[in-house]
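K.L.:
Can you keep this structure in mind? I'll have questions shortly.
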Amino acid sequence: MASAGSTARRAGSGSWHSERGEGRGARPQPTPHGSMQRANKVSLKATWTDAESKQPRPSEESDQTTIDQTAIRSYYQLFAAAVGNVEWLRFCLNQSLREIPTDYKGFTAIHFAAQRGKLACLQVLVEEYKFPVNLLTNNSQTPLHLVIHKDNTTVALPCIYYLLEKGAALNAQTCNGCTPLHLAVREGLLDCVKVLVQSGANVHAQDAMGYKPIDFCKIWNHRACARFLKDAMWKKDKKDFACEMRKMKTLKSQLALMEYNYLIEYQKEHKILREAAIRKWLHGKLHPGHSLVSNTKQARATALSKTPEQRGSQCSSSFHPSVEARLQCIPQPTEMPKPIYRKSTIKRPTMWNVSNNPARPPTTKISHSQGIRLGVHPDPSPEHDFSSFLEVRPDRHGGAWLHTVDGHWVAPVPRLPFEVLLRMLYPHVRPYRMKVPQGFYPISMREVPRKRHLGDDTFWTDTLAMNLRDTFDEAFLAAVRSHQGLPALPSPQINP
């Protein structure tokens, strides 16, 4: 017992000495029992601290609750728009008026309503809560894209009419370049295709792969849509071509005015240069009687003495016309007279002459104007040729660049093919149907193009004989094989 007590006292004194030693700066090794207790205290303290840190604070609790309520409310709003419950949708929208909630795909309430064809929800969202009709998803889809679906065959048309009335983008493209017309054609919805085309959809729009709506008709074998689109594309092309031709007519009148002004300035400059050259020549001569004024008056008198017929013939007969001749050839820009509307008079048809006597009125008139051209040269083109004033260059898009001789570029140029622009601006280079007398020459049948040329190794006689026969007997087949150089077929052996 004494040893045990002394041992305990030594342990206690050792512990006390160790604490005092720590106070003095000495650091003896601690006992194992003290280290275990100290470790347990530290671990308990750390556990309690972690629990305190994990326990939410009151402010964070309120924020998390608000976020959860907002997410649930937005989910209810999207679900109400999808099922078409208008009252539930109004209740959810009245609770969140700050921003438009979306899901992970970027869909909002108007997208879900359009995807399910809920017209009442669309009207509430657009008219009462001012949702934009061209709101985009993450894939750049608009409500007009989503309403065109094969499941909405019966409800798609009213929704399309409503969205178009509210200003929906008719040719909006998704991230793949698809327009609403592409989707309607792919689904084979002919009524939707008609509504979109009649509203002004671009029938030549291309997606990211370069496909047009008519190409989707061919891929999915929608013949009715293809037939309608083909007719719409033809009408669109003709309308655009007529519009561009009207622009071309206006451009030609502007070019004629530009050429006229250019030739006037060119004539003035050359007149000044000629007078300066004549004055220099006269100063170099030793004839004082020659004066510039008399020569100028004489030249003007000579020019004025020419008749208009002689001036017109000079324009057409000269191979290199002068500036004056070119000015006479340019049609003068004149203002169109205002149309005068007169009251139409009703004329009764004349009575038929029932008499056989041609001398009695009304006398029969059988003469008519000469309609056959007797000349051998083609008639001159009534259109003005701009080849001496304008240069036409093709561009890489199939159109043309117009450049004048005085260094100006003409813009804008009508969107017409290069061949059409060249034919309209250079009518003199237009090929004629037949040039007389070069157009009259004999044509041999050997020069007529054929599908294939029959050579010596072609047995066309055998083919003709086979087409003319009704049955192929053994004798005929043997003759054909011998003609072609083939061995005869062995005769069939009859089994006894």
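The backbone N, Cα and C atoms fix where each Cβ goes, glycine too.
Okay, so Swiss-Prot annotates it like this:
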type: COMPBIAS; residues: 1-15; note: compositional bias 'Low complexity'
type: REGION; residues: 1-66; note: region 'Disordered'
type: COMPBIAS; residues: 51-60; note: compositional bias 'Basic and acidic residues'
type: REPEAT; residues: 105-135; note: repeat 'ANK 1'
type: REPEAT; residues: 139-172; note: repeat 'ANK 2'
type: REPEAT; residues: 176-205; note: repeat 'ANK 3'
type: REGION; residues: 292-320; note: region 'Disordered'
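Mind mapping these onto the model and telling me what they sit next to?
P.N.:
Beyond the ends of the repeat 'ANK 1' (105-135), by six or more residues, the same chain brings 77-78, 80-84, 86, 89-90, 93, 141-144, 146-147, 149, 151-152, 155-156, 158-159, 162-163, 166-169, 172 to within a C-beta distance below 8 angstroms of the stretch.
If you look at the repeat 'ANK 2' (139-172), the same-chain residues 6 or more away from its ends with a CB under 8 A from one of its CBs are 105-106, 110-111, 113-117, 119, 122-123, 126, 133, 178-181, 183-184, 187-189, 191-192, 195-196, 199-202, 205.
Note on the repeat 'ANK 3' (176-205): DSSP counts are 17 helix, 0 strand, 13 coil.
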